[in-house]
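*Asks:* Annotations for this protein, taken from TrEMBL, read as follows:
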TRANSMEM  41-64  transmembrane segment
DOMAIN    57-309  domain 'G-protein coupled receptors family 1 profile'
TRANSMEM  76-102  transmembrane segment
TRANSMEM  108-136  transmembrane segment
TRANSMEM  157-179  transmembrane segment
TRANSMEM  213-242  transmembrane segment
TRANSMEM  254-276  transmembrane segment
TRANSMEM  288-311  transmembrane segment
Amino acid sequence: MKLKLHLYRMAHSPTLQSNSTFQCPDFFILTGIPGLRDGQAWMTLVFGPMYLLALLGNTTLLTVIQIDSTLHQPMFLLLATLAATDLGLATSIAPGLLAVLWLGPRPVQYAVCLIQMFFVHALTAVESGVLLAMACDRAVAVGRPLHYPILVTKARVGYAVLALTLKAVAIVVPFPLLVARFEYFHAKIIHHAYCAHMAVVELVVGNTQVNNLYGLALSLAVSGIDILGIAGSYGLIAHAVLRLPTWEARAKAFGTCSSHICVILAFYVPGLFSYLTHRFGRHTVPKSVHILLSNIYLLLPPALNPLIYGVRTKQIRDRFLEMFKFRKKQF
């Protein structure tokens, strides 16, 4: 109780927030969502079920794909990669977020903060890349169905996932390194629910232009290239579908892409709102709204993705129901 009160006073101390300078602090203090104060505890009723849904849903999805050998196909292997990424992304932020919201301001070691920064941004980049790979997979399946088994193989999917992972690591590693080069900070208080790159950079004493430019360039390059690739893939899909002779054939072809479209919207729409409020609404949108949107952006897709694919993909839905009935008979 004394520690909690001490951290609360530090988090709300004007002196510690503005007039002091610290040499590479041993720890930072995460305050959660500024402006909510005691109302933060109620937000656990929103983010807690999201995290639980992400854990149960993605674990179930991975289990179903692993057990059923008929699902060991390129499309479902990409889906398993997406589920594993969602598990990592949700787990990298949710436990600390829920602790801050429920218990109040919490300390986080400097090294742990940088590690969290790396994993949050790297896994976000991997997820965006996996969505692009899934769009390319659907474009080949719809546009060249006869050549699909030759063009898209399990080995090529494995190479693609490895390349996406290495790319994410390479482009995100500079984030913590660019922060670690600074020796002094204005404050120990991070007015955020997790160690976001720009939230930590705001505390730095020194010229942060390189950090700002790299963060902006990375956001535009990674998301922009992936979105353009996804748009191009669906342009090819639309072209192929419109050439089909009957309405039924067109509807069936588009139906194979419906789950992926829903997942894309669940990932990029909250991300777009979060990005726009941070870059262009800094002086008009309350900071609490920006932080709330950034947390929703990271936790909503992992919670929704297994539901979307579980409900809309017949093979997964049927296999899950078979597993459920088998368990029920055992009891």
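Backbone N, Cα and C define each Cβ position, glycine as well.
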*Asks:* Among 41-64, 76-102, 157-179, 254-276, 288-311, point out the range having the most Cβ pairs under 8 angstroms from the transmembrane segment (108-136).
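*Replies:* Stretch with the highest Cβ contact count: 157-179.
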*Asks:* Can you work out the mean pLDDT of the predicted model over the domain 'G-protein coupled receptors family 1 profile' (57-309)?
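*Replies:* The predicted confidence over the domain 'G-protein coupled receptors family 1 profile' (57-309), as a mean pLDDT, is 88.
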*Asks:* Answer with yes or no whether the transmembrane segment (157-179) touches the transmembrane segment (288-311) by the criterion of at least three Cβ pairs under 8 A, sequence separation 6 or more.
*Replies:* no
*Asks:* Determine which residues of the chain contact the transmembrane segment (254-276) at the Cβ level, with the cut-off under 8 Å and only residues 6 or more beyond its ends counted.
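*Replies:* Counting only partners 6 or more residues beyond its ends, the transmembrane segment (254-276) has Cβ contacts under 8 Å with 82, 127-128, 131, 134-135, 138, 141-142, 219, 223, 227, 230, 234, 237, 241, 290, 293-294, 296-297, 300-301, 304-305, 308-309, 312-313.
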*Asks:* Any residues 6+ beyond the ends of the transmembrane segment (157-179) with a Cβ under 8 Å from its own?
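*Replies:* Counting only partners 6 or more residues beyond its ends, the transmembrane segment (157-179) has Cβ contacts under 8 Å with 74, 77-78, 81, 114-115, 117-118, 121-123, 125-126, 129-130, 133, 197, 200-201, 204, 210-211, 214-215, 218, 222.
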*Asks:* Counting only residues 6+ away from its ends, which parts of the chain sit with a Cβ under 8 Å from the transmembrane segment (41-64)?
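*Replies:* Apart from its flanks, the transmembrane segment (41-64) reaches 33, 71, 79-80, 83-84, 86-87, 90-91, 94-95, 97-98, 101-102, 292, 295, 299-300, 302-303, 305-307, 309-310, 316, 319-320, 323.
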